[in-house]
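Trainee: Pasting the relevant annotations from Swiss-Prot:
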SIGNAL    1-22  signal peptide
DOMAIN    28-259  domain 'Peptidase S1'
DISULFID  Cys59-Cys75  disulfide bond
ACT_SITE  His74  active site, charge relay system
ACT_SITE  Asp120  active site, charge relay system
DISULFID  Cys185-Cys200  disulfide bond
SITE      Asp209  site 'Required for specificity'
DISULFID  Cys211-Cys235  disulfide bond
ACT_SITE  Ser215  active site, charge relay system
Amino acid sequence: MNKVILRILAVLFLLGIYAVSAQSDGRIVGGADTSSYYTKYVVQLRRRSSSSSSYAQTCGGCILDAVTIATAAHCVYNREAENFLVVAGDDSRGGMNGVVVRVSKLIPHELYNSSTMDNDIALVVVDPPLPLDSFSTMEAIEIASEQPAVGVQATISGWGYTKENGLSSDQLQQVKVPIVDSEKCQEAYYWRPISEGMLCAGLSEGGKDACQGDSGGPLVVANKLAGIVSWGEGCARPNYPGVYANVAYYKDWIAKQRTSYV
C-alpha cells in the first residue's frame, strides 16, 4: 500500500475518525432505500459487549451538532461510553464512505423508566467532533419547538427489520407515517400510559413502521427532529402506532445538557 495512504490512515485512527465497514441487521418496515444525501442527520450507534469483542450496530441516532447525537435512552442506559462508536455519513452498513467518532459521554434522561418507557431520550457526546464541514453526507438537524399536529406526515429513517423478526438490508431505509392523536394511541396501549413525553405515529391499517434495530433513530417533520424511535407493539401492526420520544417536550432538557459540554 502506498506510504502516503498508510500515513493518512494512521493519522485518522489517532484522531478517532476513520472509514468503517459495517454489518447488516435489518431495515424500516414498508419503506424504501434512501441516500445519506437526503438523510444527512442520521447516524448509526455501534456497540461492543466487551473490550475484546467487535462493534455491532445496535441503534440509530440523529446529529444535533458536531459533538451531540440524540438517541433513545434505552439504547445507552447502564452502558459504558467507551464501548460505543458513532458512524456518520454513510447510508450503507457495508460501505466504506462513512466516518466513525468515539463516544466520550452518554447522557440518558435521569428520569428514564424502562418499565413505562417514559423519558426515553438520551444524548451521546462524541470526541473528536464530527467533521460536518468536510462531508456532504453529514449535517445537523434542528429540533422541533412544538409537537406536530395530528395527521401531519412524518419521516422515519433507520436500519431496523423489514418486519417482525424479518429480513435485513444493508441500505438505509425511509418511510412516511402520519402523526396519531395521543388519545387514540392511549386507547391502543391501554396497559401503558402515553405521557406528554411521547408522540405516536403510524397507519391504522399498519404496514409501515419502525422496527427492531431502528430504536434511537429520528422521526422528522418539516425538516425538524420531532421524535425519537422508542417502542411499540410488534412492528407495523394494524391499530398499533409506533411510539416516539416527543422531542419538543424535551427541548429544555436538551439545551440544559448541552451547556455542560458544548
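In case you wondered, yes, glycine gets a Cβ from its N, Cα and C as well.
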Trainee: Express the distance between the Cα positions of Asp120 (active site, charge relay system) and His74 (active site, charge relay system) as a whole number of Å.
Mentor: 6
Trainee: Give me the CA-CA distance between Cys59 (disulfide bond) and Cys200 (disulfide bond), in Å, as a whole number.
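Mentor: With the alpha carbons as reference points, the distance is 19 Å.
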Trainee: I need the CA-to-CA distance for Cys185 (disulfide bond) versus Asp209 (site 'Required for specificity'), whole Å please.
Mentor: 14
Trainee: Relative to the Cα of Ser215 (active site, charge relay system), which of the recorded positions His74, Cys200, Asp209, Cys235 has the closest Cα?
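Mentor: With Cα distances computed to Ser215 (active site, charge relay system), the winner among His74, Cys200, Asp209, Cys235 is His74.
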Trainee: 10 Å Cβ neighbour count around Cys211 (disulfide bond)?
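Mentor: I get 29 for this one.
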Trainee: C-alpha of His74 (active site, charge relay system) to C-alpha of Cys235 (disulfide bond): distance in Å?
Mentor: 18
Trainee: Which of these recorded positions is closest to Cys75 (disulfide bond) if you go by CA atoms: Cys200, Asp209, Cys211, Cys235?
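Mentor: So, of the listed recorded positions, the one sitting closest to Cys75 (disulfide bond) is Cys211.
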Trainee: Sort Cys211 (disulfide bond) into helix, strand or coil using the DSSP assignment.
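Mentor: SS state of Cys211 (disulfide bond) = coil.
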Trainee: Average pLDDT across the domain 'Peptidase S1' (28-259)?
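Mentor: Summing pLDDT over the domain 'Peptidase S1' (28-259) and dividing by its length gives 92.
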Trainee: Per DSSP, Cys75 (disulfide bond) is which: helix, strand or coil?
Mentor: helix
Trainee: How far is it from Asp209 (site 'Required for specificity') to Cys200 (disulfide bond), counting Cα to Cα, in Å?
Mentor: 11
